[in-house]
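To start, the structure itself, in structure tokens.
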Amino acid sequence: MSYTTRIPAKLLARQAEDGRMTRREFMKFCGIVAVAMGMGPGFAPAVAEALQAKGRPSVVYMHGAECTGCTEGLLRSIDPFIDILMMEVISLDYCETVMAAAGRAAHHALEDALRNPAGYVCTIEGAIPTRKGGVYGQVGGETMLSLFSRVASGAKAVIAMGTCASFGGIQAAAPNPSGAIGVREALAPFGIQPINIAGCPPNPVNYIGTVVHLLTKGMPELDSAGRPKMFYGTTVHDQCERRKHFNADEFAPGFESKEAREGWCLHKLGCRGPYTYNNCPTAQFNQVNWPVRAGAPCIGCSEPGFWDALAPFNKDVRQKSDKA
């Protein structure tokens, strides 16, 4: 099993040459998104048509209570590289992490983005502090609760990026002094129902695939937790390459063991794959690797209640289910 991730030399050479996406690279990206959406590679032309005909969708990317890990995951996308993604696939009109503006200039950039006549997709990364009126989380003197409700109310669609935004995540872990909660719960009084792209961090393909689905088919079908079924419709366990060892009752006794390196099941080392819905085994990260293949048990990071409900990690705290 591979424990390393290497960026293909040809990909680096192409990026160093001029940073532009060729037609072939663009269609490859569309194919990756189409497969992740469950449509198959044959849907790639439709994805390409949507992105080209409708123009690059404007994205207003807000940051709440978070570690910026979801943005970091997106920034480390290599197929395509993030600059190609921002300049040729979406129009990232506001994002505090990567924008040059700061202070009042950043505030003006946000207000300009909100006046876009073509509309915009609002993405919120991070939980929203609500205790004492939300004073524990502010941007430019305005509480995140107030600002995000205002930005989200005018959006064509709202996407909660990551588990903190989806369900509160580690920001809502006990004792949760700021009263942090997920976007859906925080903005429900304003009639806002976001699409939850859960994960810590989520796969960038799931985010881009959701944007493409909004362009091509409108609102995707969501599960009971507000996640797109096309990405979160199957458990990690049912897609895992180690599943055959689970069926054979072959469980790795330790992380350093020969059995773990040979691909035996990590369930007794705390793997939450049987209880976690995500497409990590098929989408992988940068189409190269994912935690369980690399030897780390799934910790259920895309599930409601993560962090508290699934701790302690790396311990077999549940019995093997007959349904697993």
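Placement of Cβ uses the backbone N, Cα and C atoms for every residue, glycine included.
Together with Cys298, Cys301, the [3Fe-4S] cluster site in Swiss-Prot holds one more listed residue from Cys265, Cys280, which is Cys280. Among the candidates Cys95, Cys164, the one that Swiss-Prot lists alongside Cys67, Cys70, Cys200 as binding [4Fe-4S] cluster 1 is Cys164.
Every protein chain considered, the tally of other Cβ atoms within 10 Å of the Cβ of Cys301 ([3Fe-4S] cluster binding site) stands at 23. Among the binding-site residues Cys67, Cys70, Cys164, Cys200, Cys265, the residue whose Cβ has the fewest other Cβ atoms within 10 Å is Cys67. Other than the site residues His237, Cys240, Cys265, Cys271, same-chain residues with C-beta atoms no more than 8 angstroms from the centre of those residues' C-beta atoms, the [4Fe-4S] cluster 2 site, are Val236, Arg242, Arg243, Phe246, Leu266, His267, Gly273, Pro274, Val292, Pro297, Cys298. Taking the Cβ of His237 ([4Fe-4S] cluster 2 binding site) as centre and 10 Å as the limit, one finds 23 other Cβ atoms among all the protein chains shown. Other than Cys67, Cys70, Cys164, Cys200, the residues of this chain whose Cβ falls within 8 Å of the Cβ centroid of the [4Fe-4S] cluster 1 site are, in sequence order, Glu66, Thr68, Gly69, Glu125, Gly126, Gly162, Thr163, Ala165, Gly169, Ile170, Pro201.
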